[in-house]
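As structure tokens, the structure follows; a few thoughts come after it.
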């Protein structure tokens, strides 16, 4: 055959084969047999295609089938592939290389050897060189990258794993773990890289795939790898360190050729830095690490650069500095001349800056000298101390007394109930007075409601609360129109210092003997002390002598010598008076004189201040009246400085507030702690009409003094007040400074305590004068002191106090008497103040000398008495000098006395300590060293006990009050919450609850949050010391951490990095609000310098900018040069300071890996999906479900639904899609799917559930979670699902934060900081200063389940979802505007009379009657069935009557169930629906026997925005009012977002979780940021705003409301789970308790295992059924899972074929007897059907009247007592009917008909009494009965035999 014919035939064959391959079914096996078998027996087979796919199959076929035959026939076959074996196919063999001749022997001549490889370079002239240079490293033999390298790298890079983590023995399909999108991405990258890939490359192991692709691989990197390398270098290398620099560095340093360079850069792709490297040194260090790793992987040794010339080259050439200067001198001169030439041309003075600097230096030196002088004169402390701090922005206003009154009254009510207040003591009286001072009509209604509804029958404490509460109400009514008063009822106290046997010195305040109350105190003060007459009169004598001396001295006619003699005599008399009085043994009692401890002095004619009895009497009368009746300061305005905690000033502020004054108090240490102190002070003492304003203020600053008074008096920018009182008590201590130690601090203290007090008074005078306020002078309480240098060592303190006394004279001599009045208070020894606290221990000793010391409250009472109206009136006539010194000035040598007393105490204590030590030593010697151990105290440290408790289940007897609910609700239509959890700023729901309730973590909470944040981990093994250890260890150090030490060790860090705080960049991709990045378009006006880029990037620049960019290929490089030309537009990043820099963030260190989520999932999904996964698993575990597949034991896979939703979805994914993709950053290819809101639901199902039930994905902005609950409840009640996962989630992001700010919706952190707010305070719902919501992030999830299923499974029930609804609002143009659509939940038409249907008892009666009717209908149907069977038999003799009977019985039974459910809906679950006279909320509560008054808590959406709280409070108050909530029954308002911030989609879920925790605990958490409630909200009197947690005696129901942007409103009402248990019988309840206990143990173990092994989330690898079972499981509604031997839940191989209800049952057998009996004339038949739910076994009267003791014992012992009683009751009724006798009415007892069990267990009838007589009369010889009952009904047939 000619060659051309062969060629033509081959071509035809090829075409035919290709056509056959593409157009026909694949029959390659047969085709191979034709080709390989005779007669063809092809020996050379060539595959034309991209990879050897068919060739590989042919090789395997040859080996399996033809290998032996070919060997026998000597056939040598060849299988080739076009893409791999082109050289063999075309016979392109290389020529053989001729053998090289053997190397000649080495020459022995001296002729130098000539190298042929390259000519020697000519020697160059040496040039100046650095001290040391490096030569390039020795070249490494080059080797191009292999296809496997490229393949391996691309796969690892896409999987975001290191090269070691990707096994080359695995296929792409195995590596991606079923992620089809990721697989497609990799295949696309390979296609882009290699051009062509084999068929199905994803199924071939990487090493095999690499080998296949190697044949066609040319050793050069393709587009994909080149692009990745260029992108990595441009995005991660420092500026200027481009592609060429990278390659040059690696080549020079390690001698790498082009091929190995590519390999190293490939490896670098799998080691890419997380962020751009900061410097070239960092970049080189990173490249070094890559190169070393490459060398280790490839088994090569990298050489390092060597010093040039090596060790034999000698020293490197070095040039000296002088020579270098000479060489460069001419160049420097030339450049300088050119610079000066250019300057002259531009008319610029090059020396202008230096000249200006000289002038500035003169000025600077002058100012510096002045500043140095000022600092030298005043000192550093003074200089820093006078800095102003006043800011009106930071003013805190507290005036919501109306709210705190209700809070205090309620707290007192529960304190009595819980036994914390058992007796009427001073504490309870003081609290009652405080409540009375705030009496108002709303408060009276509030208290009256609680007292009227206080169940006194519950115990003594309830009775006491009711009694005392009513007394308090009566007292409040009596003072409602009276002004508030300050009345101190505390016991006066005395100092007590004791020293115990061991030498411990103890000081305490004890009740003062004989002085029980303040009236006794005033009497004691009036009596004064009893000192000897001589001592008392000594001062008076001295004064009188001084006056005589002055008169004599004034005589002009007296000689000089006489005057001198008189002067000497005067001095001698004074000296004699100063001597101590001689002791007397005279038995006569000396005469004693007294003056009051507190008295008023009046200035005498000669200018001395003398005791004035009249004024003192007036003052003491005021004190006595104040002690009895109180003092009012209503409508008074006061300024108080120096009122820190523990000071007299703080006590004065308390008194002023209690008396109704408005007070400005200043503080020099403005902080949250300080403002919280004043806020709590106002909360306790603020009375009706009072107001407290706290401002930062430095009394040492003149600026602050003026600014403060301007603020107080300015009507527009300030308060617009007119002060009535000024109490300038600010001071700082100067201890330890004698006259030679007067320093900067002393001068500053003098400025505070004297100079600026005068300035402050002057400023007040100026303000009053400028406003014409001369008829209302302000009383100034001057803080005087008896210390006129007496103590010493106190700097200028005495001088400051003495200086104030000049105001007594200035009042007369200056012009401000009409504006200010002066009252000097000489303050005595006051125990416990900041200045006097160190002297407390000697107070008792001081008092023994007849002096009186005072407590802070006593001294404050003294001063407040000076501020009464009577004393104020006295001050307007003349300055008042009030001596409140307690006789201290009459005590000589006070300092020495104090020192002596202190020394005696300390010596006594020291002696006793020594004696105790000696005694202990003797005892230990005598009895052994351990003998005292039994007497020593040992502190027992609590250990953490992480319980994760389920709701507590009460004894069944405790639910007796709910017995009316029995059988009244269809539990199949009741949704309950069985588990919940969250991921939020405070960790999970348990740790958040700790903070919400108590403001701190419990020990258990602290351990758990420390684990969550990765601070501790569990360890079990050998510790660092080599000893076995099991427990917590520090994650960083590995050191053991005892759980009791966790709180002390980590709490500070935890609090700093949890909750609402300044944004932490590491949580948000490095986002820093201080440098919020934006882009601005800029057009360049000159050509830029060129830079390097890859070829692709260069052409992309060209495509975008056209002629405005030049690109050129760089010779000998793969890089291109790019230059942007003039006119190019660029987007240049810029930054601004963004003012929203605070947010609620998940705890720092929260790591999904710690919960067990695999790395590939973490890298794949959006962070919000991780939050939802963790929340879902925790919620399931909280439900007692440790394996979600267990659910399929009870339900079909189609009955588990998911309604989790979000407001926005995956924010990180959206950011990647839009921002990162646009900026050409690496982004995963399937990022789109992670941005979908339903993707989180998909991951829940794929990783955890494998459910096939309904899914709804709500998107309701901030109301998403409530919308989710609404959807879940719809699915449960409609029967579409029996279990639902509901919840919501959302993230915090830079983009969302910026846009919320643009809307003006969020809190401006910058402004809040200016106002002195900490990040934790910036969310303040319901307060008068709220100003925008605080964004947050996280997720919340609930497990909502059908109640019947929950009981059956034994899962815990946390609450009943009694009501849920969503609503839109009205027409408008504002999407975020708050609306009132959810008011429709209270819609109803009022009726004139109460509706009986709402009453549970009424509905119970109707339902009982309906059940009787259903039973009668069933009886008739069963009786008619026999007639029906006879008729059917006649019509169709071949009919299977037995099968027909079974089916008809089942139909009847199902119809009975259906009718009962219909009845339950009619009178139970849904009785209120579609009734316009019953509001949905009223009806939903009435189902459970509740009313609107039983709604205890309202959890508010409470976003901390102005509009929301006004609207939401209005909505709730309107709902409650419209539904008839009682006056005074204010609902507790819970505002959770003060703690968590606003997580948008997850907010409602967190609130619902909190509401469920409230139901479980009865504890209502307060809004701790509610420092002052908005006055506007006072109108909503049915809402209370607690700021502190309140432990109640139980909450029955709670409301949760949510308002979302976009017209979404929602409301959920959850009800206490006890009401579910009231529906079921005792046996069912006890069985449920047992199941729940078992589940708790499993959940407890699971949770602790998760903490130990970090495996909370245990992702599923497969569904619970096999691939073959999938369709069968979907299509069989009865398919249920079971537990395998391996402990997993799977579906059995054989699924149930028919329903259990279709099987023959007892009812069928029971009714079969009807056929025989109806045809027997000697038998009477009785049939009775009873619904199990109709039999009330809780009705003891019914049970006792109708059942014998034997029957009761039998039924109560049955597994289902109610069903057993129903069976016995139906049997009795059937027996009665079979007797055919007349009855005594429906109420007649049936006890005479007894049903007993025979030995075989069959029921037997025993007749007693009248029943036996009636049977005998009717001729009945015996009665037999058959009973059948299930969970729904009981059927009995009785036969009376005659």
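Any Cβ shown, glycine's included, is placed from N, Cα and C.
Record note: among 101-141, 142-182, 183-223, 101-141 is the stretch given as region 'Disordered' by Swiss-Prot. When you go through 275, 604, 843, 1543 in Swiss-Prot, the residue listed as phosphoserine is 604. When you go through 227, 1293, 1412 in Swiss-Prot, the residue listed as phosphoserine is 1412.
Swiss-Prot lists region 'Disordered' for one of the ranges 1304-1332, 1333-1361, 1362-1390, 1420-1448, namely 1304-1332. Neighbours of the Mg(2+) site: apart from 1728, 1729, 1730, 1828, 1829, residues of the same chain with C-beta atoms within 8 angstroms of the site's C-beta centroid are 1415, 1766, 1767, 1770, 1771, 1774, 1827, 1833, 1834, 1835, 1836. A gap of 8 Å separates the Cα atoms of residue 1729 (Mg(2+) binding site) and residue 1774 (acetyl-CoA binding site). Of all the recorded positions listed here (1412, 1501, 1777, 1780, 1799), 1412 has the Cα closest to the Cα of residue 1829 (Mg(2+) binding site).
Between the listed modified residues, namely 180, 1412, the fewest other CB atoms within 10 angstroms of a CB are found at 180. In three-state terms derived from DSSP, residue 1730 (Mg(2+) binding site) belongs to an extended strand segment. Proximity to residue 1774 (acetyl-CoA binding site), defined by a C-alpha to C-alpha distance within 10 angstroms, is shown by the following recorded positions from 180, 1262, 1412, 1501, 1542, 1728: 1728.
Each of the recorded positions 1501, 1542, 1777, 1829 was scored by other CB atoms within 10 A of its CB, and the lowest score goes to 1777. Under DSSP, residues within the domain 'Carrier' (145-220) fall into helix, strand and coil as 48 helix, 2 strand, 26 coil.
Taking the Cβ of residue 1728 (Mg(2+) binding site) as reference, residues of its chain lying under 8 Å away and at least six apart in sequence are, in sequence order, 1415, 1419, 1770, 1771, 1773, 1774, 1777, 1835, 1836, 1838. Looking only at other Cβ atoms within 10 Å, the busiest spot among the binding-site residues 1730, 1799 turns out to be 1730. Note: the CA-CA distance between residue 604 (phosphoserine) and residue 1754 (acetyl-CoA binding site) rounds to 103 Å. A simple Cβ count within 10 Å picks out one of the binding-site residues 1780, 1783 as the most packed, and that one is 1780. Helix first, then strand, then coil: DSSP counts for the region 'Disordered' (1304-1332) stand at 9 helix, 2 strand, 18 coil. Taking each of the recorded positions 604, 1828 in turn and counting other Cβ atoms within 10 Å of its Cβ gives the largest count for 1828. Take the Cα of residue 1730 (Mg(2+) binding site) and measure to each of the recorded positions 1542, 1780, 1799: the nearest one is 1780. When the recorded positions 1262, 1501, 1754, 1780, 1783 are screened for a Cα within 10 A of the Cα of residue 1542 (active site, for beta-ketoacyl synthase activity), the ones that qualify are 1262, 1501.
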